[in-house]
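Student: Could you have a look at this structure, given as structure tokens, before my questions?
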Amino acid sequence: MTDSFQIIHGAADIDVNRHAVIEASAGTGKTYTMVALVMRLMADEQAGLPLDKILITTFTDNAANELKDRIRKQLKQQLSAGGLSEKITKRFEKGLQQIESAPIHTIHGFCQRMTREFAFESGQIFDQALVSGDQVLEDCFNAYVRTWPADKEIKAEFKTYLATDAKNSLAKLKTTVLTLARQIKPDFDVIHPQDPGQITDLAGFTLLAGMDSLKDQFLQLHTNKGGAINKAISDNWNERVEPLLSQLADPTSSHQQKLIRLNQEIDDMGDKDCFTHFFNRAPKAFKDGQWTHNQENYPIICQQLEAVFELINQLKSQRSFGQTAIIKRCLDHLNTAVSDYLSEQGQVTYDRIIRQLYEILQREKRDNTSALSDAIRDQFSVAMIDEFQDTDPYQWQIFKGLFLSTDSSTHRLWVIGDPKQSIYGFRGADVNTYYHARTSLQAAGAQSYRLNTNYRSIAPLISTFNHFFTAQQDADSPDYWYPKDSIEVAAADRQKNSDLPRLQQDNSGLSAFSFIPLDADNKADSRRLELAELIADIIKTRLIGRLEFTSDKTSKVLNYDDICILVRAHSDSEVIKKVCQAQQIPISLQKSKGLYLQPEAIQYEVILSALHQPHDNARVHNALSTLFFDQAYSQPQLLSDQQQRALNQQWLQLLNWAKTADWVALFDWLVDGSGARFRAEKSHNRRQLANLQKIANTLCRYAIQNDASPAELLRYYKKLRLTAAEQEEDDQNQDTDQQAVKVMTQHGAKGLEFPVVFIFDGLTNPRDKDAFHKFYSESEQATVYDISKQSKALQKETKHKEFKQLYYVAITRAVYKVFVPYLPADSKSLSHDYRHLIINNINRCAEKTESQDCCPISTASAQAPGPALSIPKEPAVSLTAFSQGPTQLSKRSQFIYSFSSLSQYLISDSGDTQQRHFGDETTISDEFSTTELVQAEVPLIPGGVTTGHVLHGVFEHVDFNAVMAHNTLADLWQDSTIMAVIDEQMQLFKMANQPIHRVNLDRTEAKDYQQQLAVWVWHTLKKPLPILNEQCLGMIGAEDRRHEMAFHWQHLGQTLTGYIDLLFRVDDGQGGHDYFILDWKSNLNAEGYDPKVLAATVMKHHHYDLQYQIYAAAVSSWFQQLKLPNVRLKGAIYAFSRGINWQSDDQMGFYCHEFADLEQQNIETQQHIATLTGVKP
């Protein structure tokens, strides 16, 4: 194994048959190299790979989309150029067709896709709901706090916590715990202080020698010249050492009394360590190797002191542990409570998506199984992990287990990143994981490469960067950045690369790397104002119109939007904004929350969710309570009948536009027709209006370009919002769309570049607001969270590294010029890191007399600016006007919105003479029809949507095993867990628990609706079924069931979407599985529930035969995509719970259909749909 790196210029230098570590400094063409590697893999005539066998994960969704765009462009170019073999041509053409579905994801997207795509292998719910992790954490914490009054131990710990610091409170505890819970990785990280254990009994404490002997030796630990007794040493013995030793050695003092004395000493010590405290004003006794010398010459006193010091440190650790015990207890509880809650609810939070896949793979490893691992390995041959410096232990263990294990010898794992740019530690990224991964890869035979040609910045800037970052190469110096070979880069030859940005004219008179001298006497706030004023003056008088450069091969004169000011915190932006506005400089502030985290973004998701599931009353009610309807339905009781009808009409119009894919009309109404624009303008809420328009543009554009259904558009939008949760920073989210100077945080600038960059502030230390210390421990090989904050030196070192990483990213964003604030190195207010890393290295650069690439901005040293160039007037940026969209968009394709709309179309087709468009919504549900065929008796529980929802919910959440365990209804009704599930579902769907109607008392033993629902569930799950070889549904294990499985099935431009109530599997006895589709039904059928009667009545009337045929076609298509071995979709089961009695010998209440020829059935289903829709194959 070797740590040496091979310097390369591009993808052609990389051995594609080995694992690889590729380090890419800022601007060295990382993305270009990744695309070139994909093309190499696909273009190999003998061992080439199709695009869908190459997995790429990156940090943001924007980066994933950029990779797709670049690969698409390369495929098109090479296909257009010709000269490819037939084999490669077909591979490229297929890749071009599949580019949108190519496995290019964020790490979260990849993990979520694997658990969803391989639902059975992973043992996860097929389509988990994504919920707010912060909200779940807070809810679980609040619920936990409510249990404290009944727990004496917790109350004692909380009391200790409050007593530790007057500022401590429940609110502070909550903030600390939730902050830690968001960051800590329980499987890898370590929390300090750890339990030090109990101190040994001090009652028998004895001295190693007599007190006089110990005193003589102590006084010799540091003497004056000539051997005279040092007064400070003598005072320390008399005032501190001797009194403590006497108390500890007193045989009449109890263990508890000695502990009290030690605690008093600890209080006196304050923040000092033992040596500093007991050798007060006499540090020479232990510093600079003197303690080692004393140990050799005066071993008894040294051993005695070390024993006391050990007691004190142990007691201090015990005290710290007690003071923080409540925090650790809360963290342990939350880790379990959140996992249990999410599992019970079938939900997942953004921060647990990666951890979930890790845990599944670890469980496979423990159980010596490999279903999911094998499925993923079978799908991908090469994995390329971008931005790997921002990985974490969960991510690395996933990829290591999949592609670097002995089971994956034919796979290749390539990690691409730059540890110098690891700046997302506050989000959980861990650069130390990168270093461990690099070592593991190299041990597995990986080749290490380093890209060292910078294609971003011009040569004078690169030359200065090289000297600035490498001038100090003593690794022990505080001025040191990084090893020379890891940071020094070469400038690209712009004569040979005409596509690269080029500075054509520079009349600014300013250096490529300029530093801005500030008044050293100013205080921090005054200096920030001074810096903002200087930056504004430089922009207006020295830069605008004075640089001409090429951008995308087009000549451009520097304007405001070519300049970016990078701040350390968003609060700095306000100072810059005020100054620039006073100077009439247009400015655009990037907000802390991205566009898709804004309130308006949530409103759009509510609308799309309701359009996707219009039968869900709760979703529709929420949609009618959004700003688009002016929150009209937030108080429905106040609406008049006329207002209700108007709302319904508006909603039905939106549904019609969605189902006919008239997206232009839909989004035009949401922004303008709804009055949202008027209300925003009236309230002068420009931010809201800009957000509404931007999101509408994005959604409309995607829907049109991809012929998206409401379900597809919702999935796309959720993915956008998922990315927003990950990124927090969003370059789209700005105050204005005009040309303006950009102001964003240094973190937000990662991955971006700008012609001109200003670094704002950074001269002073940021306030220490951390509730804990965080650092990496080499001895523990883990990230440590010290909640006692006793690790100042290690915390300082961590902050030092983070400063380097952040400022390296910030400074290297510049293409032509960068400006950095400057104070003399001896200025008192300078932070340690800024003084050593920035100021001292600027001085070294400025001392290079042979170069003027690094100079201060002052009239004495800078050249006078040249004349300003004429800036062409650019058209104002405008948003898409929806009224200018394609006409007759709704006529381009037809969409079947869901089986519900199809079913109702079929039901009404024979007798309804009114013209009906396919996909039109009706008020009748396919399953819960309020108009039954015959109603000869009063039902035990009325039919309708509510009953159906409750019954579905119970089957989805009840424990099948618990139901099967009960042999009598009396026992069943006594099971509080089962009845709680039923009660929860009834409350969820607002179903009152009414008594059974008196006319039905002879038909059931149940006394109320809740008991009757339990009866239906009991009979349904315990009934043996011939189609299952006499197995009961209740015998199907949780790992073999997938409830509420979403699907969409496309054929000839038609799209069917919906949910399958249950997909389950059973062993076929031959090493494979038989799969079944099941629908829970609550329909009333007065003609009876004999299977033949069901077939002739309710199955026929509601076209359930077509329903299960469509379900079968969708599942078959899914199976084909997954290439699952030894599986068969065997049949469909419809369970009409009202008619089932498990204790009878008949099959009442079950309609079962076994698929005799599934392939032929699917063909006929496709033809049937085509006939109904009028679309010819």
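Residue numbers in this text run from 1 along the chain shown.
Any Cβ shown, glycine's included, is placed from N, Cα and C.
According to TrEMBL, the feature region 'DNA-binding and helicase activity, interacts with RecC' maps to 1-858. Under the heading ATP binding site, TrEMBL lists A24, S25, A26, G27, T28, G29, K30, T31. TrEMBL lists 484-751 with the feature domain 'UvrD-like helicase C-terminal'. Sequence annotations record features per position, and here TrEMBL assigns region 'Nuclease activity, interacts with RecD and RecA' to 893-1177. Look at TrEMBL and you will find H952, D1061, D1079 tagged as Mg(2+) binding site. Look at TrEMBL and you will find D1079 tagged as active site, for nuclease activity.
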Student: Looking at Cβ-Cβ distances, which residues of the chain lie under 8 angstroms from A24 (ATP binding site) while being 6 or more apart from it?
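Tutor: Those within reach of A24 (ATP binding site), by Cβ under 8 Å and sequence separation of 6 or more, are K30, T33, I416, G417, D418, R450, L451.
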Student: Quick one: which residues besides A24, S25, A26, G27, T28, G29, K30, T31 have a Cβ within 8 Å of the ATP site's Cβ centroid, in sequence order?
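Tutor: Apart from the listed residues, the neighbours are T33, D418, L451, N454, Y455, R456.
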Student: For the binding-site residues G27, G29, work out the Cβ neighbour count at 10 Å and name the residue with the minimum.
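Tutor: Among the binding-site residues G27, G29, the lowest count of other Cβ atoms within 10 Å belongs to G29.
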Student: Of S25, T28, T31, the binding-site residues given in the record, which has the fewest other CB atoms within 10 A of its CB?
Tutor: T31
Student: Within 10 Å of the Cβ of K30 (ATP binding site), how many other Cβ atoms can you find? Include all protein chains, please.
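Tutor: By my count, 20.
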Student: Which secondary structure state does DSSP assign to G27 (ATP binding site), in the simple three-class scheme?
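Tutor: Once the DSSP labels are grouped into three classes, G27 (ATP binding site) ends up as coil.
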Student: Cα of A26 (ATP binding site) to Cα of D1079 (Mg(2+) binding site): how many Å, rounded?
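Tutor: Distance (Cα to Cα, whole Å): 56 Å.
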Student: Which value does the mean pLDDT take for the region 'Nuclease activity, interacts with RecD and RecA' (893-1177) in this predicted structure?
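Tutor: Overall, the region 'Nuclease activity, interacts with RecD and RecA' (893-1177) comes to a mean pLDDT of 78.
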Student: Which Cβ among the binding-site residues (A26, D1079) has the fewest C-beta neighbours inside 10 Å?
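Tutor: Candidates: the binding-site residues A26, D1079. Fewest Cβ atoms within 10 Å: D1079.
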Student: Counting distance between Cα atoms, which of the binding-site residues H952, D1061, D1079 is nearest G29 (ATP binding site)?
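Tutor: Result for G29 (ATP binding site): the nearest of the binding-site residues is D1061.
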Student: Give me the Cα-Cα distance between S25 (ATP binding site) and D1079 (Mg(2+) binding site), rounded to a whole Å.
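Tutor: Rounded to the nearest whole number, the Cα-Cα distance is 56 Å.
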Student: Within 10 angstroms of the C-beta of D1061 (Mg(2+) binding site), what count of other C-beta atoms is obtained when all protein chains are considered?
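Tutor: The answer is 20.
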Student: Mind giving me a neighbour count for H952 (Mg(2+) binding site)? Other Cβ atoms within 10 Å of its Cβ, every protein chain shown.
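Tutor: So the Cβ neighbour count for H952 (Mg(2+) binding site) comes to 23.
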Student: Please identify, among the binding-site residues H952, D1061, D1079, the one with the smallest Cα-Cα distance to T28 (ATP binding site).
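Tutor: Going through H952, D1061, D1079 one by one, the closest to T28 (ATP binding site) is D1061.
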Student: Measure from the Cα of T31 (ATP binding site) to the Cα of every one of the binding-site residues H952, D1061, D1079, then give the nearest.
Tutor: D1061
Student: Once the DSSP letters are reduced so that anything not helix or strand counts as coil, what is D1061 (Mg(2+) binding site)?
Tutor: strand
